[in-house]
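Just below is one structure, and these are the notes that go with it.
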């Protein structure tokens, strides 16, 4: 392993491609032995590091078996901060455009209708933050003190945090590489004064990338409950969800259930439903039966959902007569029951 790194505290932690922020500009990054770990590497945090069958012949084996593993000191800070939050749930999607941010916001709104439940929504979709608009909090300032950042409260029991609150101009593009994204996610976890919450939802970007690896790594040891996945009925979307399922398996993330969005179309006039995205192979429900995870429900597409999100209003309050509102309520009730939020 190259030893001429300019980094003051070279972590030598390129295992599985999960390099630390300090590796970003290192001239040795491409040749560093730690970036050439064997397939199936158990990772530096594993007690089996250097001793697993996949470690045979790995150039990093001696290092992994040594006691030179660098521990990020911020992880302990995050763990301490998260002790005040009883449940943490990630909202994941295999691809963009399936309604993940809409689901995250409407679940937060609907669950918060129970005033005894304190809930937070953390938007870690850094390049496409939409929660400030959906939650009706665009251009709201965040207050910073010597104890941290206070999230934006859209209701007495519903707090929201997003990079959208930190941009000087809402039209500014966030052109960041992985290390800077990771730093902001860590900032949201250790420096935001979430207070005592019953549930913290994380609205994530689509796919399986830096943000997903970072949030899982940072929340390790914080008793994260798991993930709720969302998909549309067509096969191409479900194939991408399968990739998300494999991601959850690889990082030991429990899957709490899957939601099928846009399962039909609701006519705003007659309230009738029609199928616009037919499921080729049984849709999300068939997938849930195949992998033995809960099917949380199917939400039809109501054009008025777009109106509510653009206006920053809870859809279930604005259009309580819509079949989609019924489904949001049913899914929220399942989550409340699953996590025993009313008993906390």
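A Cβ is built for glycine as well, from the same backbone N, Cα and C atoms used for every other residue.
On a predicted model such as this, the values are computed, not experimentally measured, just so you know.
Here's what TrEMBL has on this protein:
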BINDING   41, 55, 58, 64  [4Fe-4S] cluster 1 binding site
BINDING   94, 95, 96, 97, 98, 99, 100, 101  ATP binding site
BINDING   267, 270  [4Fe-4S] cluster 2 binding site
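Structure coloured by features recorded in TrEMBL.
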{"residue": "55", "record": "[4Fe-4S] cluster 1 binding site", "CB count, 10 Å": "20"}
{"residue": "58", "record": "[4Fe-4S] cluster 1 binding site", "CB count, 10 Å": "21"}
{"residue": "94", "record": "ATP binding site", "CB count, 10 Å": "23"}
{"residue": "95", "record": "ATP binding site", "CB count, 10 Å": "17"}
{"residue": "98", "record": "ATP binding site", "CB count, 10 Å": "22"}
{"residue": "99", "record": "ATP binding site", "CB count, 10 Å": "20"}
{"residue": "100", "record": "ATP binding site", "CB count, 10 Å": "26"}
{"residue": "101", "record": "ATP binding site", "CB count, 10 Å": "26"}
{"residue": "267", "record": "[4Fe-4S] cluster 2 binding site", "CB count, 10 Å": "11"}
{"residue": "270", "record": "[4Fe-4S] cluster 2 binding site", "CB count, 10 Å": "7"}
Most crowded position, judged by CB atoms within 10 A, among 41, 64 as binding-site residues: 64
Binding-site residues listed as 96, 97, least Cβ neighbours within 10 Å: 97
Of the binding-site residues listed as 58, 64, 267, 270, the one whose CA lies nearest the CA of residue 97 (ATP binding site): 267
Minimum Cα separation from residue 95 (ATP binding site), reported as the residue among binding-site residues 58, 64, 270 that achieves it: 270
Cβ-based neighbourhood (8 Å from the centroid) of the ATP site, residues 94, 95, 96, 97, 98, 99, 100, 101 excluded: 93, 206, 230
Using Cα positions only, nearest of the binding-site residues to residue 100 (ATP binding site) (58, 267, 270): 267
Pairwise Cα distance for residue 267 ([4Fe-4S] cluster 2 binding site)/residue 99 (ATP binding site) [Å, integer]: 19
